Structures are given as C-alpha cells and as structure tokens.
Amino acid sequence: MSREEDAIKGSDGGASDSSQSIIQEKQGGRFSMSLERKLVWKLDASLLVFSVLGLVCRYLDQTNLNAAFVSGMKEDLNMYGLQLNYANTCWVVGYVIGQIPGNIMLTRFSPHYVVFALEFGWSLMTLCTTWITNYQQLYAIRFFVGLFEAAYYPGLHYLIGSWYSKKELGKRASLFQGACALGSLLSLVLQGGVHTTLNGKLGRPGWRWIFIIDAVISFPIAIGAFCMLPDLPDVIKPNWMFSQEEIDLARKRLDAEGRTGISKDAYTWAGIKSIFSTWHIYIFTAAYSLYIFMHSKSRSCGYSPSPKYTVEQINYYPAGIFALQLVTSLFFGWVDDVFLGSRRWPMIVLTNTCHLIVCALLAALPTYANGTTATGRWVLYYLTGMIEVGAGLIYAWAATVIHTSSEKRSIITATYNSVAFSFNAWLPLLLFKQTEQPTVFKGNVATSVAAGLLNVFIFLILYLSKRDERRAKLAGQVTPEIAEVKAEDVEDAPRQ
C-alpha cells in the first residue's frame, strides 16, 4: 500500500489517521515537537548544507567560463566572434540531454551515489579545461560539464522537496537557490583575485588557474556529499545520522500533507501517460521557460567596449548583481514562509513585475551617453538580480502542488528545467548577441514581455491548483491545505 493510500484510508472520518499531523510519541499520545526539531536540524546539517555547497561548486564551474573569457581566454583562444555563445550553447545542449535521465536515476538509485558521480564528473571536466589549446576543445569540454551538471539542480530541489514540510520548504528552497548567486559571486571574485596574484605563475595565464582552483574546491565537496546526503524518505534505513524514529517521523509528516512516496508503477506506460494527462507538466514548463529566459539580461553588464574597464573591474563590478540575488532570495523566501503562509505566488509576481520595469528602462535608456547614465544603468543591472527569487519558490510550489506522485514530481521538474534551457540554447544567440552587448535592445524588450507573460502563467497555476484542491477535498483526500490546519492543531496541542 502506498503512502497516499494509507493517508486516505478511513474516508468515513475524512482522513482519520492522517489528521494526526507529524508523529505521536508512544507515551501519552502527545506530539514530540523536540523530535521534529531534531529531525529538521539534522536535515539542515546534512541535506541542506551539502546541497548548498554542491550548488555553489556547480555555479563556480558553470560561470567560470564567462569570467575567464574577459580575463584573457578571448585573446589566447582567438574567440573574437560568436565562439563564447557557441561554447555556452554546447553547455546547454549537454545540460538539456542529461536532465530527465539523471533525475530518473535519483528515484531508482541512492542519491548520494548519483550526486557524487555528478559532482566528481563536472569537477574533472573543469580541471581538464586548464589544458585546452583551442576553442573546439572548449566546446567538447563544456558539453560534458553541462551533461554532468544537468541533474544536480532539479534533482537536489526534488530531494529537498521530498523531506521538508510545506511550511519549511520555502526558506530552504530559497537558501538553496541563493547558492546559485553565491557561486556566481565567488567565481567573479576568485577570477579577479587569481588574475592579480597568479597571472603568469608557472607560465600559466590567470584564466587557466581559475579552472584548477575551482576543481580543487569541488572535489572535497563531492566526497562530503557522498557521506552526508540522505536517501529518499521511503527507502532510507537507520544510519549514523537518522534513527528509525526520525525516519518514521519524516514519513508521517509527508503523509499528513498527502505527499506520496516512490511507486513501482511510475515508469509503466500508464504511469507515464498520467504525467502527460495533467496540466502540471505543460503550465509549469511554460512558466519556468519564461523565467529562465529572463536571466539572460544579467549577462550584459560584462561586455562594454566603452568605457574601458580593467580585468579586475570587469570581474568585480558585476558581483553586485549576484550579491543582490543572494540577499533577496533569502529574504523573500523567509517572508513567504513566515508572513505569507507559504503561498509562493505573491513574491514571484512581485519580483517579476520589478524585472519587467527594470528591463523596460534598460531598453529605453541610452547605453553610456555620460557618467550619470552609466551609473544609472549599473543600478538597473544590479536590480536584475532580484529575479533569482523566483526559481526557489517555483520549485517549492511545485513540490506541494504536484504531491500525488514522487516520480511525477521528479520527471516534471526535470522536464520543465530541460525545456527551459533548450530554449536558452538558441534564444540568447538571437536576442543577446555577444557583438551587440551591452545595448541588446531586442533582448531587453523581449525580457520585459516574458516577465509579463510569466505573471499570467503564475496566476494560471494558482487557479488550477486551487481547483484541484477543491476537487480533492470533495473526494475526501488529503491536501497540503488540509495539512496546514492539522499542523496548527498540533502546534496548539498541550505538550508534556
């Protein structure tokens, strides 16, 4: 019997057994809040910490190419045309291909094995980049970097969403999302420091050293993930980190929200058909594709032919974008869970609207007519960092909206991430051309339009999810909203 069937059993009393949110202690029948706090602390110390560290390393190894390009790679490898765009496209192609197979592996094999293999693979490819002698070799390596990195981001969002409750998930997903900004920020700072201190050491230019340093940072994190990441709640066994009582607690917490575990029938024809017969895969895919495209704007600040910046300035100045991404991701995720009842959509709509206005202003303003205009554009570039808030909240929202099948959630999140980046493989070539930076008028206008369309899809997701909840309640099923009421009852229950 699946966890969903177990949760719905006893329909004469609504959802009788599942009305006991979280877990009851054997003594006195009271809820053990201290046990729950201990479980969440252990999850934060293992799953969350090493997910964040791994994503920081992934973004170090993903974004180091752009930092290296403006730090000497362009000249050394004769990349004066669209070679940077093509190298980024090779990464995207590998990233798209590896999405769904990698996430299926996470549901069929122990996540710590899969994640270790992914992290080790992209770290090795990053290290190999230091020895390339032409941009054709760079294309091949970036493809494999993308292939190994593909399943990490959606896969770890899936794993985080498999353990935390709805009221805990927004903050954690946003913290995980903030690691993207932290990795990008560190990449710029590292490249600037490397160019200053290591450029020319042992006969190597500074841009080659950054790939060595990134790999040296990444390998130990991969080993740590192998030791610390837990398996999925359905299959995990007691170990040095989690006791049987804590595992039972984790399963009951998810049962109370109507969230099901792994099913043996998920990858049958009927299971696959059920994934494509609901709205989730289509609407979430459209929404996330728009969101990913909106990220293209933040690339523009690094390619200014006038005024001229030093290599250090080119690396350091855009760091403000990623610093704002980090701060706003953490802040808005916390606000959503603490003050907005984990609704997700208000913060997404707010940041989308801000992004729409910012990109419209970038399209309207002259590029560098004078010092004042240049300063104003830098402020706008920094404000584009706010869009980073959306991804963590979209994944957290999907984790509770797509709650009836663990594999369905895994495949859908991998699908919308894959489709989004497949568009990103060619759209920037048309709208954010390297040779048209930093003006990219068409790109700015397109990004503003995408932000408006994304708001439409966010409200559509809200409407459809509320409709499904009403239908589930009429059928006597457990929904995340029912679980919220039960969780409040638990909090008000007398404690021993």
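In case you wondered, yes, glycine gets a Cβ from its N, Cα and C as well.
Under the heading region 'Disordered', TrEMBL lists 1-20.
Taken from TrEMBL, the feature domain 'Major facilitator superfamily (MFS) profile' applies to 47-469.
For the transmembrane segment (80-101), the list of distant contacts is 62, 65-66, 69, 74, 135, 138-140, 142-151, 154, 411, 414-415, 417-418, 421-422, 424-426, 428-429, 433-435: same-chain residues at least six beyond its ends, Cβ to Cβ under 8 Å. Taken from TrEMBL, the feature transmembrane segment covers 80-101 (among others).
Annotation source TrEMBL lists transmembrane segment at 113-133 (among others). Here the transmembrane segment (113-133) has Cβ contacts under 8 Å with residues 54, 57-58, 61, 64, 77, 102, 105-106, 141, 144-145, 147-149, 151-152, 155-156, 204, 208-209, 211-212, 214-215, 218-219, 221-223, 225-226, 229 of the same chain, all six or more residues outside its ends.
Among the features that TrEMBL reports, transmembrane segment is placed at 139-161 (among others). If one looks beyond the transmembrane segment (139-161) by at least 6 residues along the same chain, the residues whose Cβ comes under 8 Å of a Cβ in the stretch are 47-48, 51, 54-55, 58, 61-62, 65, 86-88, 90-99, 101-103, 105-106, 111, 114-115, 118-119, 121-122, 125-126, 128-129, 132, 169, 172-173, 176, 180, 229, 232, 395-396, 398-399, 409-410, 413-414, 417-418.
Per TrEMBL, the feature transmembrane segment maps to 173-194 (among others). Listed as Cβ neighbours of the transmembrane segment (173-194) (distance under 8 Å, sequence separation of 6 or more from its ends, same chain) are residues 48, 51-53, 55-60, 62-64, 67-68, 71, 153, 156-157, 160-161, 206-207, 209-210, 213-214, 311-312, 315-316, 318-319, 322-326, 329-330, 332-334, 336, 385, 388-389, 391-393, 395-396, 399.
The transmembrane segment annotation in TrEMBL covers 206-229 (among others). Counting same-chain residues at least six beyond the ends of the transmembrane segment (206-229), those with a Cβ under 8 angstroms from any Cβ of the stretch are 46-47, 49-51, 53-54, 56-57, 60-61, 64, 67-69, 71-73, 76, 111-113, 115-116, 119-120, 122-124, 126-127, 129-130, 159, 187, 190-191, 194-196, 198-200, 241, 311.
Sequence-distant contacts of the transmembrane segment (274-294), counting only residues of its own chain at least 6 positions beyond either end whose CB sits under 8 Å from a CB of the stretch, comprise 352, 355, 359, 387, 390-391, 394, 398, 401-402, 405, 408, 411-413, 415-417, 419-421, 423-424, 427, 446-447, 450-451, 453-454, 457-458, 460-461, 464. Positions annotated as transmembrane segment by TrEMBL: 274-294 (among others).
As annotated by TrEMBL, transmembrane segment applies to 314-335 (among others).
Counting same-chain residues at least six beyond the ends of the transmembrane segment (347-368), those with a Cβ under 8 angstroms from any Cβ of the stretch are 294, 297, 300, 304, 306-307, 328, 332-333, 335-336, 340, 374, 376-377, 380-381, 383-384, 386-387, 389-390, 393-394, 397, 438-439, 441, 444-445, 447-448, 451-452, 454-455, 458-459. Residues or ranges marked as transmembrane segment in TrEMBL: 347-368 (among others).
Per TrEMBL, the feature transmembrane segment maps to 380-402 (among others). Residues 154, 157-158, 160-162, 166, 169-170, 172-178, 180-181, 257, 259, 280, 284, 287-288, 291, 294-295, 297-298, 300-301, 318, 320-326, 328-329, 332-333, 336, 342, 344-345, 347-348, 351-352, 354-355, 358-359, 361-362, 365, 408-409, 412-413, 454, 461, 465, 468, 480 of the same chain lie 6+ residues outside the transmembrane segment (380-402) yet bring a C-beta within less than 8 angstroms of a C-beta in it.
The transmembrane segment annotation in TrEMBL covers 414-432 (among others).
Taken from TrEMBL, the feature transmembrane segment applies to 444-464 (among others).
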